[in-house]
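A.B. asks: Quick one: the structure is below, and I'll ask about it shortly.
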Amino acid sequence: MPKRKDIQKIMVIGSGPIIIGQAAEFDYAGTQACLALKEEGYKVILVNSNPATIMTDKEIADKVYIEPLTLEFVNRIIRKERPDAILPTLGGQTGLNMAMALSKAGILDDLEIELLGTKLSAIDQAEDRDLFKQLMQELDQPIPESTIVKTVDEAVTFARDIGYPVIVRPAFTLGGTGGGICSSEEELCEITENGLKLSPVTQCLIERSIAGFKEIEYEVMRDSADNALVVCNMENFDPVGIHTGDSIVFAPTQTLSDIENQMLRDASLKIIRALKIEGGCNVQLALDPYSFKYYVIEVNPRVSRSSALASKATGYPIAKLAAKIAVGLTLDEMINPITGTTYAMFEPALDYVVAKIPRFPFDKFEHGERQLGTQMKATGEVMAIGRNLEESLLKACRSLEIGVCHNEMTSLSNISDEELVTKVIKAQDDRLFYLSEAIRRGYSIEELESLTKIDLFFLDKLLHIVEIEQELQMHVDHLESLKKAKRYGFSDQKIAEIWQKDESDIRAMRHSHSLYPVYKMVDTCAAEFDAKTPYFYSTYELENESVQSNKESILVLGSGPIRIGQGVEFDYATVHSVKAIQKAGYEAIIMNSNPETVSTDFSVSDKLYFEPLTFEDVMNVIDLEQPKGVIVQFGGQTAINLAQALSEAGVTILGTQVEDLDRAEDRDLFEKALKELGIPQPQGQTATNEEEALEAAKKIGFPVLVRPSYVLGGRAMEIVENKEDLIEYIRTAVKASPEHPILVDSYIFGKECEVDAISEGKSVLIPGIMEHIERAGVHSGDSMAVYPPQQLSKQIQETIAEYTKRLAIGLNCIGMMNVQFVIKNEQVYVIEVNPRASRTVPFLSKVTGIPMAQIATKLILGQTLKDLGYEDGLYPQSQLVHIKAPVFSFTKLAQVDSLLGPEMKSTGEVMGSDTSLEKALYKAFEANNSHLSEFGQIVFTIADDSKAEALSLARRFKAIGYQIMATQGTAAYFAEQGLSACLVGKIGDAANDIPTLVRHGHVQAIVNTVGIKRTADKDGQMIRSSAIEQGVPLFTALDTAKAMLTVLESRCFNIEAI
């Protein structure tokens, strides 16, 4: 069927900020979809609140709106643009929920706007637990016994009838939010109450638990002519009971017989046809390992995380084709872009194994609840491709960047057998490593299968890896053993460990016997047809399919999996760098391991290597491609950490040189450079042991800021107020980076701001200064940032620009640089310098219109700022005010304290832009879901050192009609100062303590600060947790509360009696 001519203008709804459960895969899907629709000649209007994405770049759509994804703002944009149709299926759960809201509000009918891709009825049938159950019964598809509840009592009654364990699944939520497995009535009451609150339709499904069944996923596509196909089938290593986003996944399925595969395939196609979905859809099924019995778990009637994985695993561009299907094209008339000859109707065939392992944030959140269940906790994921399961699994392990090069954690060798068995039974984020340790200790795979319900096939593969380790131990320097180990994915580093040699010795031995990896192409058709795509993975076989081109090439290193501190912003910079390399006439090669991102879309670069970002894997690609040089400054700390080893191996690092990277990272060298350049910094010293640290703190004076050197995202950074706390920090936290000393700095509580600069070593372009709303002490990634600055004098701004220029030239910066400053008593101090792209690059690029990563790349390749038409110094400011606000995922992470501090905790960001600060702030708060009522009750529970400042805020809240409530100490202080506050009870006073008031909806906001020492007491943490659980705005920094107050005051009228 030809594409539709009756629609011209299509609105695409993005997925908003990155949170756990909805990450960069939607940037990838949305970007593909917008470009596909433009390719077909439609006018595309995009709305999304996330500035860190490629999707929100001007050239991706005809018009891009970076506005809050709320009914209020989307409605305004629709009325302004009058699109003929809306495509909501590429914006994750956010997009679907927005489509439902627009429909319920009557806006779609009122303006005669059509929904493309998935009908509202299909969204309802797949997402509404009751309708889904009815549809499955009509189709004769088995689902676990279940009931829909609207109250906790209904849930309890059902569970008493069918027995425990049961699973709770709230309707219309994302990543299993609010759900869980319940083994007792107490757990059921707690989880159901929370689930009903989080479900926008106050509805939960309570179903019999089928934990222990195999979990299988089918990624299917259908068009308007009812053609349907399976793009990819995937099997979870972990059985049912763990969210698929938190499971290790293999594609294609590994343990199914042909009969089982056909049975589940038929079920999936039957379901997508019944739902009449036009586009992509994900079906999750549970299969009894001992019979042909199966259940349908759920259906996602949209592009999902699994579709991004399926796209990258097969090379089949699901989102691109889903967008074209939505406008009427059919699978049998679209060419598969990978082969360029076959049609999209061909089901992909795989002649390799793909492994996906989730990346969890528990290196950041040591106290987080690591137990995995039906609610997702991973922030990102890695993918690896190999010719056998062992190879793909081991490549994925070393892609995780958690300090392992193999499925082994050396620290586990010290734990007792008893603890080991407990960890194997309890599914936590690191269970793979405990399973492997158990096999090394001689536990049989049959024992492990009965404890974990993980299929024997997978456990046998782990056993095989251990057997190869043993073979290596017995045959040191044996060539055949080396060949075998390499064929099954062992790294040089692991082999070196076993043979007690250096990694370089193994590399030399391989080279002396011409043992190099070859690169195979991902071609969707198991080499049946010629493929046109330059998308490769390494393996140790005979035939190499990747040929070095005649053109000079440049290798760009990506940033690996998304984690807190290193998000999609670095992928944004990578993609822009590649564009600039191509424009300059070079071949651009990307190397990355993250299946969710735009950078690993094979159409972005001239060549894509889907490989771990380790020294060995990068060197193998360099040996083959012989690039002119490697660019490391866009891949976050991942790529920067490889620079030294690559440089020592004779590789040309383009841009800022390794010794200059070192000068910015190494404390003593940096201090020396600042002295030479005449730039002040907070007093500080380096310490390599406890004695030196105490000596330094004594000399500088408490409070001090302590942190390890060479870290990203404020990992293990703390503000310490006395000697005892400092000793405790050194003994517990410095594990973060053992080879490097710790830094002890004077802690200055002043205004923070940061600058991104671009230089070629002679002149420096400063696109803009971003002023932080929160004062020093809150990590820059968790602060709200304002551009242009609202409270910095012209003189301060000039000083900042001058220091930035001196730093860029003094540190021989070629490309990008980020500098953070703190200002106290009109004195500007430099806190830190990062000689690489930072997380603010996308935001600043969007608000200034300067394509920063592209310009930086052109400078790296030898052009000057003058050549590109830019002048030295600070770029003229924009007329609008722009706010970048952080977004957190605390609802997904039990036991992680939401108190903000020097360690980064946010997972994403949103942007608000308008003509005034108040309007921009309002948009930013709306976009990050901090919606505050115009009036109500606000609770203050404040540390002694900030009570005076909190008092003036409380007075202002009272003036606009809020009722002030406070805890005992705070209320007493307010009363002394003449402000009466309603006293709330101590934690445990069941009737009126804060958690109880919050639970019953009596509190509209909480302001809670702790002293500089920051030791969060149990009560404070309970208060903060209750706010997070119930979705009540929580402010742990007075500056954020002040910003919110500014918005409320600007929206209030003055009402006074005459």
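Using N, Cα and C of the backbone, Cβ positions are placed for all residues, glycine too.
Under the heading region 'Carboxyphosphate synthetic domain', Swiss-Prot lists 1-401. Swiss-Prot lists 133-327 with the feature domain 'ATP-grasp 1'. What Swiss-Prot lists as Mg(2+) 2 binding site is GLU298, ASN300, and the listing cites sequence analysis. Annotated region 'Oligomerization domain' per Swiss-Prot: 402-546, in sequence order, evidence recorded as sequence analysis. Swiss-Prot lists 547-929 with the feature region 'Carbamoyl phosphate synthetic domain', giving sequence analysis as the kind of evidence. Per Swiss-Prot, ATP 2 binding site is recorded for ARG707, SER746, ILE748, GLU752, GLY777, VAL778, HIS779, SER780, GLN820, GLU832. As annotated by Swiss-Prot, Mn(2+) 4 binding site applies to GLU832, ASN834. Positions annotated as region 'Allosteric domain' by Swiss-Prot, on the basis of sequence analysis: 930-1058.
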A.B. asks: Round to a whole number and give the Cα-to-Cα distance in Å for the pair GLN820 (ATP 2 binding site) and GLU832 (Mn(2+) 4 binding site).
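C.D. replies: Taking the Cα atoms only, GLN820 (ATP 2 binding site) lies 5 Å from GLU832 (Mn(2+) 4 binding site).
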A.B. asks: CB neighbours of ASN300 (Mg(2+) 2 binding site) within 10 A?
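C.D. replies: By my count, 22.
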A.B. asks: Helix, strand or coil at GLY777 (ATP 2 binding site), per DSSP?
C.D. replies: coil
A.B. asks: Out of ARG707, GLY777, HIS779, GLU832, ASN834, point to the one nearest GLU298 (Mg(2+) 2 binding site) in space (Cα versus Cα); all of them are binding-site residues in the record.
C.D. replies: HIS779
A.B. asks: Let's check the environment of ILE748 (ATP 2 binding site): how many other CB atoms sit within 10 Å of its CB?
C.D. replies: 22
A.B. asks: I need the CA-to-CA distance for ASN834 (Mn(2+) 4 binding site) versus GLY777 (ATP 2 binding site), whole Å please.
C.D. replies: 18
A.B. asks: Taking DSSP states H, G and I as helix and E and B as strand, how many residues of the region 'Oligomerization domain' (402-546) are helix, strand and coil?
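C.D. replies: Split into helix, strand and coil, the region 'Oligomerization domain' (402-546) gives 78 helix, 11 strand, 56 coil.
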A.B. asks: Would you mind reading off the Cα separation of GLY777 (ATP 2 binding site) from GLU832 (Mn(2+) 4 binding site), to the nearest angstrom?
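C.D. replies: Their Cα atoms are separated by 14 Å.
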A.B. asks: Roughly where does the domain 'ATP-grasp 1' (133-327) sit in mean pLDDT, to the nearest integer?
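C.D. replies: The predicted confidence over the domain 'ATP-grasp 1' (133-327), as a mean pLDDT, is 93.
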A.B. asks: For the binding-site residues listed here (GLN820, ASN834), tell me which residue's CB has the most neighbouring CB atoms inside 10 Å.
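C.D. replies: The residue with the densest Cβ neighbourhood is ASN834.
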A.B. asks: Going by DSSP, is ARG707 (ATP 2 binding site) part of a helix, a strand, or coil?
C.D. replies: strand
A.B. asks: Can you tell me whether DSSP puts ASN834 (Mn(2+) 4 binding site) in helix, strand or coil?
C.D. replies: strand
A.B. asks: Whole-number Å distance between the CA of ILE748 (ATP 2 binding site) and the CA of ASN300 (Mg(2+) 2 binding site)?
C.D. replies: 49
